[in-house]
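Here is what Swiss-Prot says about this protein:
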ACT_SITE  40  active site, nucleophile
ACT_SITE  312  active site, proton donor
BINDING   39, 43, 116, 218, 311, 312, 313  substrate binding site
SIGNAL    1-22  signal peptide
């Protein structure tokens with residue numbers, strides 16, 4: 001990682017921090033506990049020899065400054081900015097004191113044991129609590145999935161496997177992807193790709209998707225949906241990383257509308273694999289159990305601030321497992337953006353002597369990511385209020401804590 005660049009980022013946001021605007025909160029409401037479930041920040045795509053990317057186009061892929069799958073230097077900068085912004089917000093709500101390190105054990109950071117997730121958590125802590133001794137907890141063996149964040153099938157019955165595959169096929173059947181495949185074939189020159197010339201796989205539109213739900217493995221798919229996801233993911237990461245536009249998809253994406261059409265493949269891949277209720281409830285169970293413990297069963301002794309860092313599959317399956325209502329993120333084509341956080345907030349209403357839950361998706365817009373915009377309360381991250389089907393919200397986005405508890409209690413059964 002480029003430490004000079006990171007240090008400059010930390011210094012830069014301190015200069016922008018003055019005159020921060022207050023966020024409107026109902027009178028008498030006090031924030032008491034926060035849990036953030038974050039996706040890792042910007043990583044390099046996997047474009048090694050023989051990969052889906054290399055097989056899908058005759059074109060040469062641009063070089064990245066880190067190995068495939070690892071957090072980039074810019075990803076670190078972006079996460080420092082997000083950490084700084086969240087610190088400002090927490091200070092505004094009285095959860096931390098400006099210019100001071102939080103007392104021991106009040107902040108707990110826990111990441112999946114891959115480089116991109118652990119590094120994301122480290123950079124978030126650097127931005128939020130610079131100079132403070134707050135460790136990032138993770139499994140000792142790096143490069144392996146932590147069971148809490150590992151979205152694998154945990155039912156070994158043949159009946160469940162069949163049910164899960166049928167559920168994934170049903171999710172895919174809801175999608176209209178022909179236009180997306182046709183545009184993608186044109187962008188990558190698929191007819192001249194190694195996949196076409198060597199394997200006679202020359203059409204994404206006509207290709208067949210085959211789903212799998214094997215015990216102790218992630219839900220999977222082979223076929224055009226996987227190819228499409230890999231390609232659009234790579235283009236999206238190029239855009240965020242700040243590659244010149246003539247290098248992003250070789251200059252072939254000319255409009256926002258084309259980005260929207262292509263993003264249907266990436267979102268559709270995630271929706272098909274991880275958002276059917278049957279699959280989501282199974283693969284998200286360890287994460288749901290962890291969140292239930294922190295926010296419900298052990299909340300009186302839990303850290304005031306918990307930061308969890310995992311993957312888009314964790315967030316997608318969690319949102320379905322808890323039965324969130326459909327949501328729309330503005331200024332973003334990704335359903336679960338890079339570096340985005342589901343922020344669970346437990347509030348106390350002193351006037352009515354009751355506890356409330358508010359849940360927001362806090363994320364950086366596509367332009368904030370590409371431009372590496374520093375974030376403050378004056379130049380904030382994007383925030384979208386989410387709603388659980390089992391916990392209806394009021395006009396300010398709050399729902400009763402007892403109803404939230406019931407949702408979690410049901411989800412961990």
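Note: Cβ is positioned from N, Cα and C throughout, glycine not excepted.
Each residue contributes its Cα atom, and for residue 218 (substrate binding site) and the residue listed as 'active site, nucleophile' these two points are 18 Å apart. Among the listed binding-site residues, namely 43, 116, 311, the Cβ with the most fellow Cβ atoms inside 10 Å is that of 43. According to DSSP, the residue listed as 'active site, proton donor' is assigned to a helical segment. The residue listed as 'active site, nucleophile' and residue 313 (substrate binding site) are 11 Å apart (CA-CA, integer value). Rounded to a whole number, the distance between the Cα atoms of residue 39 (substrate binding site) and the residue listed as 'active site, proton donor' is 6 Å. The binding residues for substrate are recorded as 39, 43, 116, 218, 311, 312, 313; their greatest pairwise CA distance is 20 Å. Shown are the recorded positions 218, 312; of these, the residue with the fewest other Cβ atoms within 10 Å is 218.
Per-site Cβ counts within 10 Å over the recorded positions 39, 40 peak at 40.
Other C-beta atoms found within 10 angstroms of the C-beta of residue 313 (substrate binding site) number 23, with every protein chain shown included.
Note: the CA-CA distance between residue 116 (substrate binding site) and residue 40 (active site, nucleophile) rounds to 6 Å.
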